[in-house]
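Below: the structure, in structure tokens.
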Amino acid sequence: MELPVLIASMFVLLALRVPIAFAILGPSMLYLSLNGFAPDLSFRLAIEGIESWPLLAVPLFVLVGAAANHSGIAERLFDLVLDMMGKVRGALGYVNVTASLGFSWMSGASLADVAGLGSVEVKQMQKRGYSDMFSAGVTTASSLIGPIMPPSIPAIVYASIAGVSTGAMFLAGIVPALVMFLILCLTVFLFTFRRPDLAGEPFNAKRLWRSAKRAVLPMIVPVIIIGGILTGAFTPTEAACVAAIFILVVSLFIVEGSKRSFFYKVFRDTVLTTASIMIILGASNILGWILSRERVPFFMAQWIGGLTDSPVVFLLLSALLLLIIGCFMESLSALVITVPVLLPIAIQFGVDPVHFGLVAILSLMIGLLTPPFGAAVFVISGATGIPIWTAFKGSLMFVPSLLIMLLLLIFVPELALFLVN
């Protein structure tokens, strides 16, 4: 009887806007107490949930993203891509998507992309006649490349929960992220190819050279991260450490204004973001232990097995469930709650854990664009002043393209497993 009460209590607390970590911790600790477990068990389980070498990469990659945001690297990257486009119809739409692809190699998080590049991109698009709806939509949709492309923070978290290699998750994300980039570019083309008034500025080699010189040092960061992992020179955690040191040194030369203020903002954002992630992970490990003890994955596997014996149908059902959950819950929180339940079932169906991880991450990340939660939409609305429902309409314009990407990932697992294998 305690388990239904635990689950119901957790959802009631979430509905009351209690922070996710405490919504999990409170009912979980009560469950352990009612079942006669030692009081220190919850603390030991929480520590086990974050006592992981791969998780050391989280604060380091968060630091890289924060430094890129506060140092002006995002603006330099945007200027470089803009100067490369020339008089292409819908140029700023392609610039938006391409800049997000480049920034994803440093941040690994969707909201960091929206916060860092979003206001710059939307202001430039508004200035050149793009609608608020389209500007907000392409900005939020392109930010989803970040959680797929390494160094993806959700991939690190998933790897820790699932017990798979962080490096494998990073490698698995490269091809899907590039395919997503192409799909979003095609979507921009479909929306803008009849609009000659949305063409960019004439190509100027001198301006491009100037932008390239300003962006060359920051662009070494993704070379360190991806190149180091692909060649085997670094583990993901070691790559994160080298990248963090490098970007802080580079920032000393490019930051305008107070260096003290810059470092304060970077380390403040890093500490706050990392602390929230680690508390959630610790709490979710307690919940995962309880669910395993109550054999929830086993009973769910039996139930789903009665519905289908097809791995593809299982992935479609899982994606549908995660899409719905992502509409109402923050994506990382949803990941740590759902993976301990769904992953054992996926393995029973013969689904590769790395493939399942990418399907789960993309399914939940689409929720960043959809009401009522839509965190990316709220961030872009707050940063640019675009009315929230206008921003939601814009983001929903791109959801069909992202769903096509999700279906491709489900039906063509080689997209995720090609580099891993």
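Just so you know, glycine gets a Cβ as well, placed from its N, Cα and C.
Automatic prediction, not curation, is the source of TrEMBL annotations.
Quick look at what TrEMBL annotates:
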type	residues	note
TRANSMEM	6-32	transmembrane segment
DOMAIN	8-415	domain 'TRAP C4-dicarboxylate transport system permease DctM subunit'
TRANSMEM	53-73	transmembrane segment
TRANSMEM	129-149	transmembrane segment
TRANSMEM	169-193	transmembrane segment
TRANSMEM	214-234	transmembrane segment
TRANSMEM	240-258	transmembrane segment
TRANSMEM	270-291	transmembrane segment
TRANSMEM	303-325	transmembrane segment
TRANSMEM	332-351	transmembrane segment
TRANSMEM	357-384	transmembrane segment
TRANSMEM	396-420	transmembrane segment
Near the transmembrane segment (396-420), which same-chain residues lie under 8 Å Cβ to Cβ, leaving out any that are not at least 6 residues past its ends? 133-134, 137-138, 140-141, 144, 168, 171-176, 179-180, 183-184, 186-187, 191, 312, 315-316, 319, 352, 354-355, 358-359, 362-363, 366, 369-370
Could you pull out which residues elsewhere in the chain have a CB under 8 Å from any CB of the transmembrane segment (129-149), counting only those six or more residues past its ends? 92-93, 96-97, 99-101, 103-105, 107-114, 117-118, 121-122, 155, 173-174, 176-177, 180-181, 184, 187-188, 191, 197-198, 331, 358, 361-362, 365-366, 368-369, 376-377, 380-381, 384, 386-387, 390-391, 393-399, 401-402
Maximum Cβ pairs under 8 Å to the transmembrane segment (270-291) - stretch from the list 214-234, 240-258, 332-351, 357-384: 332-351
Can you say which of 6-32, 53-73, 214-234, 332-351, 357-384 has the most Cβ pairs under 8 Å with the transmembrane segment (240-258)? 53-73
The domain 'TRAP C4-dicarboxylate transport system permease DctM subunit' (8-415): mean pLDDT? 83
Would you call the transmembrane segment (303-325) and the transmembrane segment (332-351) in contact, using three or more Cβ pairs under 8 Å, pairs 6 or more apart in sequence? yes
Are there residues at least 6 beyond the ends of the transmembrane segment (214-234) whose Cβ is under 8 Å from a Cβ of it, and what are they? 64, 68, 73, 76-77, 79-80, 102, 105-106, 150-151, 167, 170-171, 174, 240, 242-243, 246-247, 250, 253-254
